[in-house]
Amino acid sequence: MAHVEEHDHHEELPFWRKYIFSEDHKVIAKQYMFSGIFWAIIGASLSILFRLQLGFPDMKLEWLRPILGGWIDESGRLDPEFYLALVTMHGTIMVFFVLTAGLSGTFSNFLIPLQVGARDMASGFLNMLSYWFFFVSSLLMFFSLFIETGPASGGWVIYPPLSALPQAMSGSGLGMTLWLLSMAIFIVSQLLGGINYITTVINLRTRGMSFSKLPLTIWAFLLTAILGLISFPVLLSAALLLIFDRSMGTSFYLSEIYIGGEALPNVGGSPILFQHLFWFLGHPEVYIVLLPALGITSEIIATNSRKPIFGYRAMIASMIGIAFLAFIVWAHHMFVTGMNPFLGSIFMFLTLIIAVPSAVKAFNYITTLWRGNIVFTPAMLFSIGLVSFFISGGLTGIILGNSALDIQLHDTYFVVAHFHLVMGAASAFGFLAGVYHWFPKFFGRMMNKTLGYIHFWFTFVGIYLVFFPMHYIGIAGFPRRYYSFTTYEAFRTFGDLNMFVSLAAIMTFSAQFLFLWNFFYSIFKGKKAPLNPWKSNTLEWTTPLHPGHGNWPGEIPPVYRWAYDYSKPGANDDFIPQNVPYSQTPESNLPHENALIALEKEIEAQNYNDQFKQPH
Amino acid sequence: MSETVNFLPVAEEPEETLSMNPKKFILWMFVVSIVMLFAAMTSAYLVRRAEGNWLEFKMPAIFMYSTVVLLVSSASMHWAYRAAKKDDFGVLRTAISITFAFGLAFLVMQFLGWKDLVAQNVYFVGNPSGSFMYVFTGLHAFHLISGLLVLLFALRAAFKLKIHAKNLTQIEVCMTYWHFLDILWVYLFGFLLYFN
């Protein structure tokens, strides 16, 4: 094979090829991780700014003028238009840049080749391209924060006509143009990444790694990538048509309306059309954000309960179920658009079915924990925290999925509380759990445990303190995205609760600096990690402490068993890694596993796509 | 262990690692994303059309001829592939050049079609029924240009004798993409004719 030898070189790559324009999945994963953390700091800071406004409407904010400049008006208050920009950018940044690119980009890139037993992604070049498209899109979005007219302010869902008419508000001008441009590039980046993830999982598995032996993390990443591949092009279509409406004067979303007493030249557009297209992505996007976090949790909970995951196949089936249902429930975001009530009840029915696979997952996590020898590492605590948020946020989903109840609760703080718990906080906990768990593999060092515990308790308690009261505020009818509630007497009653929420938010935000310090300090000064610190079964722990490009020196290990042989009765140790053949563990084999010994030779003789014979 | 264990199904066969050439697989993934892009567009078209206020106009005849041109280019693409399999380099070069030339001709004809639309007073800006026409043809033309680029690389490789019976991946990728763009256009054309 001529093309294999092509890769068989050992010369040192120059710095910029090794660390900047790298094609190594591990370096790209770190690039995504650092970018994700950077965006998370920005996104969270924006939320603190608007929480200050909501909790302390009379506060003098002159001290923020050095950063925000003209957005603090003469009386020392936050500019109302900038408040809308803050809400919009907080949503955009958190949903797309942190929990989509940051979460999938980091862990899919890092874990897929390491856990399926591949040298690298199917195309290192496309993978690099994916990161740099994301980088350009990030630059545009970051730049839009600093322009004079302000960033996009029509909400992260950018509904037309508000977003389609530059004259509608100052944020709909240049800020919106940059938003659309940035998102179009972002979608290309996510497609390139997702195509690579799917191809790698399906075509580059090592010998013996059948689909029924894949760790649940990989199943979750695969389904996430499939969701993205099918739904992101639809958002691209929606964005393209919006760009044509804004910049070229077409009328896809704009009908004959009057703005400021003047009729628009547009004819025959439909703003609802945009909502259909947007939510066809928007709803799967929720699972694009959540599924990787659930996959990470499955892995961490099984490892640290020292028990096989409960219902491995049920976990896969429920994830496939969720992924399928994700595409046929989008209109539950649109119950109040004047939709035919009969159609509404169909979407309500389909939406409520999602409770079934979700409940299967929740019960499986709990039964995995049940009577396990639980090791409370920080990663484990964050995973259990995720399960808690998944349940408490999921329950309110059942309420909101009812079209009749949604008419009352639509666009109130109840919705804000629901999705922040079930998708925002849960996915963020998945990210944090993953960082704590795989930090030794990322950097070859350990993070400080005590700081991890403190970080967990402040964050976990803080998040409930922030979002639980919001349910009450929402049921009382407080609409989201409002600048101030003190103007009307009826809304003043919850002023103290809003203040409490803001204080809790500031506490939770401050606790994240503990994590940041722990993270950056441990990269350089952390304790040196052992090869398999959590006594885990998956393949990534069979690589050297600092794996080179190609991951394994010599041959890629073949795989003989599933990833969850923890505390197997009769076994010498409480874990048996995936690459240990049954012939070496006669003491713990079940009868049908003894029969599998005969097939080990066949597994070793299997062909697989080894991209390059030697790591470099 | 308890007795029930003995009743478990005995000895599964080790499953073969399902695997195809990653480059070809990546291409199929791209095809899926392009299909979704146009599925969204055509659904948007139907939803918007059902709402009424819809301008009806005649489809320029030149789109019919351009469809034939594209079909011919697809046939010659297949001819090129068969020649490559037989190491028939002369035919390969001729066939792949014909494909490229017909692809270019298709693009020119699409542009002429736009001119015909303008002559009918159907503009990009105006009733969405006309705008959609331009968006469909324009987006398809954009993808066809990317197809021509892929074809250009294959053309260069064919003249450098890099495509032969033992090295077919490149021309297979090129052929799959070209046939896909052809089918995509036939679908769009049929769709626009039927739902005019």
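Using the three backbone atoms N, Cα and C, a Cβ is placed for every residue, glycine included.
Given the structure is predicted, the values throughout are model-derived calculations rather than measurements.
Annotated features, as they stand in TrEMBL:
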DOMAIN    A:10-572  domain 'Cytochrome oxidase subunit I profile'
TRANSMEM  A:32-54  transmembrane segment
TRANSMEM  A:82-112  transmembrane segment
TRANSMEM  A:124-147  transmembrane segment
TRANSMEM  A:178-204  transmembrane segment
TRANSMEM  A:216-244  transmembrane segment
TRANSMEM  A:286-302  transmembrane segment
TRANSMEM  A:314-336  transmembrane segment
TRANSMEM  A:342-363  transmembrane segment
TRANSMEM  A:375-400  transmembrane segment
TRANSMEM  A:412-439  transmembrane segment
TRANSMEM  A:451-479  transmembrane segment
TRANSMEM  A:499-521  transmembrane segment
Contacting positions for the transmembrane segment (A:412-439) when only residues 6+ beyond its ends and CB under 8 Å are counted: 33, 36, 40, 94, 98-99, 102-103, 106-107, 110-111, 286, 289-290, 292-294, 296-297, 299-300, 303, 377-380, 382-383, 385-386, 389-390, 392-394, 396-397, 399-400, 445-447, 452, 459, 463, 466-468, 470-471, 473-475, 477-480, 515, 519, 522, 526, 529, 534, 540
Contact yes or no, the transmembrane segment (A:32-54) and the transmembrane segment (A:375-400), 3+ Cβ pairs under 8 Å, gap 6+: no
Reported mean pLDDT - the domain 'Cytochrome oxidase subunit I profile' (A:10-572): 93
Stretch contact, the transmembrane segment (A:82-112) with the transmembrane segment (A:375-400), Cβ-Cβ under 8 Å, 3+ pairs: no
Among A:178-204, A:216-244, A:314-336, A:375-400, A:451-479, stretch most in contact with the transmembrane segment (A:342-363) (C-beta, under 8 angstroms): A:314-336
CB contact flag for the transmembrane segment (A:314-336) and the transmembrane segment (A:124-147), at least three pairs under 8 A: no
Dominant neighbour of the transmembrane segment (A:451-479) in A:178-204, A:216-244, A:286-302, A:375-400, A:499-521, by Cβ pairs under 8 Å: A:499-521
Contact between the transmembrane segment (A:375-400) and the transmembrane segment (A:499-521) (at least 3 Cβ pairs under 8 Å, separation 6+): no
Chain residues in Cβ proximity to the transmembrane segment (A:178-204) (below 8 Å; excluding those fewer than six residues from its ends, i.e. six or more beyond): 92, 96-97, 100-101, 104-105, 108-109, 112-113, 116, 118-119, 121-123, 126-127, 129-131, 133-134, 136-138, 140-141, 143-144, 147, 151-152, 158, 214, 218, 221-222, 224-226, 228-229, 232-233, 235-236, 239-240, 242-243, 246, 608-609, 611
Long-range environment of the transmembrane segment (A:124-147) - Cβ separation under 8 angstroms, sequence gap at least 6: 21-25, 28, 31-32, 35, 39, 42, 89, 92-93, 97, 101, 105, 109, 174-175, 178-179, 181-183, 185-186, 188-190, 192-193, 195-196
Same-chain residues near the transmembrane segment (A:499-521), Cβ under 8 Å, at least 6 residues beyond its ends: 37, 41, 44-45, 47-48, 51-52, 54-56, 432, 435, 439, 447-448, 451-452, 454-455, 458-459, 462-463, 465-466, 469-470, 473
